[in-house]
Amino acid sequence: MHPRRPDGFDGLGYRGGARDEQGFGGAFPARSFSTGSDLGHWVTTPPDIPGSRNLHWGEKSPPYGVPTTSTPYEGPTEEPFSSGGGGSVQGQSSEQLNRFAGFGIGLASLFTENVLAHPCIVLRRQCQVNYHAQHYHLTPFTVINIMYSFNKTQGPRALWKGMGSTFIVQGVTLGAEGIISEFTPLPREVLHKWSPKQIGEHLLLKSLTYVVAMPFYSASLIETVQSEIIRDNTGILECVKEGIGRVIGMGVPHSKRLLPLLSLIFPTVLHGVLHYIISSVIQKFVLLILKRKTYNSHLAESTSPVQSMLDAYFPELIANFAASLCSDVILYPLETVLHRLHIQGTRTIIDNTDLGYEVLPINTQYEGMRDCINTIRQEEGVFGFYKGFGAVIIQYTLHAAVLQITKIIYSTLLQNNI
């Protein structure tokens, strides 16, 4: 119940250097910038990407080329312009490559987390809500086998269903957070000089955001676990329609076992806030370690331009990866309980994750969060909370592989252009 991408990575929105304002060249006198501080008044960084993993609690990326002295673990910075004519051309070429690399790295990260990982998310959720299952799929080997069976019997759509609704949930979450923060004094970001009151208000904003997005998250969950065998061809906005219908009590008829939204608020907000806190702490901790390691390596020996550019992007990507992995693993049992509560009473038909074919109904009768936890522990054991965990292993293995491949491609491009 959280944006898959926490706030902070502004790779897609990175701008370096100056822009050519040709349309206004004749109306205003030319300005000369003698120092990096003069340039800082005119060259600014754009806002962070909505939905990105900015878990720095108020940190913003500095303008390109402007040295930063507040962080002791940063490496040496480069001046944006050179005095010589040939150096200026080379600097512009390096700047264009740097901007292209930032866009490519950000795009690869977005693609991995929201597209490439979606089949793993689909199977993981189906295993979590399947209380009938005898095979828990705790290892990636059984998960790959069942993925192949689903693809063979139902086609590729069986593993990519509901992807559009996940983007809608992210959009609703971001929009709700922005609107609430605009009309209330609740801070959207926490500054370095924080106070307990500011932290509490920030977490309250997150909680209200999760409450607003909760019915749409429930509708998206149904789309991702509903069997493709009996699935109708629904539009991309079906998630919005079902979410609104869930709030006003209209739409698809549900059974009497459907839990009211009020009883789902606590587990939904608990999972979302804990996921955000764990991700924030781990991301901050890992990023601090990586920056300190980079700073020490710069002091020990001279660093190549290729390594310097890699150090500008990849520490934050690695920190985001570690934060997302740890929070998903730690909160996996709570996520299983949350999904079972959301799916109960919706008359959803899921695929049989034991056989790879046939379908199964969801007929649980949990009275609430505590009853769900006790029932899973008694009937399925402790490992019942970890059904489908092998899909998480596959998901983050793919993510790590894409990060490594992106780093290799980026290093090759830099070596050929420097």
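Any Cβ shown, glycine's included, is placed from N, Cα and C.
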Of the residues Thr45, Thr184, the one that Swiss-Prot lists under phosphothreonine: Thr45
Residues of the repeat 'Solcar 1' (96-187) by DSSP state, where helix covers H, G and I: 73 helix, 0 strand, 19 coil
Structural state census, the repeat 'Solcar 2' (311-413) (DSSP three-state): 73 helix, 6 strand, 24 coil
